[in-house]
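Over in TrEMBL, the protein carries these features:
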type     : residues                    : note
DOMAIN   : 1-235                       : domain 'Deacetylase sirtuin-type'
BINDING  : 12-31, 93-96, 178-180, A222 : NAD(+) binding site
BINDING  : Y56, R59                    : substrate binding site
ACT_SITE : H111                        : active site, proton acceptor
BINDING  : C119, C122, C138, C141      : Zn(2+) binding site
Amino acid sequence: MTHYPNIVILTGAGISAESGIQTFRASDGLWHNHRIEEVATPQGFAKNPALVHEFYNTRRRQLLDPTVQPNAAHHALARLEREHSGSVLLVTQNVDDLHDRAGSDNLLHMHGELNKIRCNHCGMGYSCEEDIGAHTPCKSCGKTGGMRPHIVWFGEMPLYMRDIEAALLDCDLFISIGTSGNVYPAAGFVEVARDNGAHTVELNLDPSNNSEIFHRSINGLASQIVPAFVEKLLS
Ligand code: APR
């Protein structure tokens, strides 16, 4: 395969589906039983913090379930970063820690991380494995009522956008994996990369919303098509 010195990879919920974490937009998906405005907006949190805490506490607990482990797709991307002779930046929309556990290092969690919390009073952030609630005190300022999940909600700015934009402008290959292409700005990354000369490839169970923008679209289970694609890139 052609050598691509600078690779940027975007992942979404589909890469973690086979690890047992629900995607968002499937009929049995995460949003199915929840209204997005209630559990994934700053307004929803202000209105009913207990409900929002419970939603993210449940999801955080799921990461501690021993059956939830990185799958072959997460491992293949970690291997690509280790063995590729150029640079590999992994940008994930996922708030789980499966890429981290698989060993990806050059990794940006643009929508935050479930196993981190932060304080609205003092801005301090921490790793966290426990449930939190309205009365959880901040370990730094000691105040209660300010702790929130370190999650980017709808209406909030995604994280690391400057670094991501710079990498997109500089990449030769852009790969999108397991994302439906519904949520911006991530859904627009393919256009930025393509307009700047990158080859663009989608690896997804079925064609995403913006499938036709990619030079190439490969459909199938992430645990199968991602390792196969990585193998070719490294050969
Ligand atoms: N292998 C590959 N792709 C899969 C698999 C699988 N095993 N299972 C599902 N998919 C695909 C689906 O076909 C779908 O296109 O993964 C995609 C998941 O799409 P969404 O549920 O919309 O998840 P995502 O694109 O990551 O959502 C983006 O939306 O709600 C917000 O902040 C949340 O980060 C999230 C963002």
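Note: Cβ is positioned from N, Cα and C throughout, glycine not excepted.
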For ligand 1, pick out the binding-site residues G12, D28, Y56, R59, C141 that have a CB under 6 angstroms away from one of its atoms.
G12
Whole-number Å value for how far C138 (Zn(2+) binding site) lies from G12 (NAD(+) binding site) (Cα to Cα):
31
Around the Zn(2+) site recorded as C119, C122, C138, C141, what other same-chain residues have a C-beta within 8 angstroms of the site's C-beta center?
N120, H121, G123, M124, K139, S140, G142, K143, G146, M147
What whole-number Å value do you get for the CA-CA distance of G20 (NAD(+) binding site) and C119 (Zn(2+) binding site)?
30
Mean of pLDDT values spanning the domain 'Deacetylase sirtuin-type' (1-235):
95
By the DSSP assignment reduced to helix, strand and coil, which category contains Y56 (substrate binding site)?
helix
Between D28 (NAD(+) binding site) and R59 (substrate binding site), what C-alpha distance do you get in Å?
15
I'd like to know which of these binding-site residues, S16, Q93, is least surrounded, judged by other CB atoms within 10 A.
Q93
If you measure Y56 (substrate binding site) to C138 (Zn(2+) binding site) at Cα, how many Å is it?
18
Near the Cβ of C138 (Zn(2+) binding site), how many other Cβ atoms are there if near means within 10 Å?
20
